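Taken from TrEMBL, the feature transmembrane segment covers 25-50, 62-80, 100-123, 144-162, 182-203, 244-270, 276-296. Feature annotation from TrEMBL assigns domain 'G-protein coupled receptors family 1 profile' to 41-296.
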Amino acid sequence: MPNASSWSASSPLLLLWEDSSGTRIFLSLLYAVLAISGTLSNVMVIYLVFSFKKLQTTSNAFIVNGCAADLSVCALWMPQEAVLGLLPPNSSSLRSAEYRLLRGGLLGLGLTVSLASHLLVAFNRYVLITKLPSVYQALYQRRHTGCMIGLSWALALLPVPLLPGLWTLGSAQSDGSSRYTALLLALAVLGQTALLLHCYLGIVRRVRGSAKRVSVLNFPLLHQLPFPAAPPPPRRAQRRLSSVSVLLLCCVFLLGTQPLVWVSLLGFFLRPAPPALQAASWLLLCSLSALNPLLYT
């Protein structure tokens, strides 16, 4: 029976080889469900944005970029994992180094661009709401927007050769390069998360401050003027719904990314986490590719 180290070095599904066939089938079905739902939702978002001119905004361009990246995970990587999970552990497909490199490249490329798109959307909304319109228009010209999207893909291609090392981050026999690769991944996601939370919390503070300033002017004398008063401020329920939406997006993002971050840090500074915990953390991160369209729509 293979041990945990052989599992970490060769398993495409991040499953224990000694797991029961029922467990492997269940997780393969879970990958299949995520693949189908994620592919349909991402394709639908891309179709809607390209079909309706009103939706062709700068913020939606970054969302479409994220959906395209998520398709590489949902439509290309997840179906392979669902099929390979049903194969016997001694299958030659599971031991092919080239095939593992291909799957690791698809996963790394998709997740990296997807996480970068999260940050681009958050920063776009932060500048739109908290800065002057002239600043937003100067920063988000069509050419600049295209460069930002292209840069997200270019940067994602750089660490792709390092991704196969992540499969061994929990192995007791893993070399130092894989441990440092896992540390680099954790620090990158932590930095991206800090920037994303800064943008969204800044938006919430600005919206709440604007609502308070508008409410100060909404006193009864305005309703007695001979000319129409300004439109009423947003209702409290609407402001609360906006805050809840931002909070929900941040919570789902943290739930999907942080378990893998802390599992990687634990494996680098202390000792490798249990293989089942590693598998769960990877599955949560990959599930973001299917949940992102639902969050942003």
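Even glycines carry a Cβ here, placed using N, Cα and C.
Counting same-chain residues at least six beyond the ends of the transmembrane segment (25-50), those with a Cβ under 8 angstroms from any Cβ of the stretch are 13, 15, 56, 60-61, 63-64, 67-68, 70-71, 73-75, 78-79, 81-83, 85-86, 283, 286-287, 289-294, 296-297. By the Cβ criterion (under 8 Å, sequence separation of 6 or more), the transmembrane segment (62-80) is not in contact with the transmembrane segment (182-203), since fewer than 3 such pairs are found.
For the domain 'G-protein coupled receptors family 1 profile' (41-296), the model gives a mean pLDDT of 78. Counting residues 6+ beyond its ends, the transmembrane segment (182-203) has Cβ neighbours under 8 Å at 115-116, 118-119, 122-123, 125-126, 129-130, 159, 162, 165-166, 169, 246, 249-250, 253-254, 257-258, 260-262, 264-265, 267-268 in the same chain.
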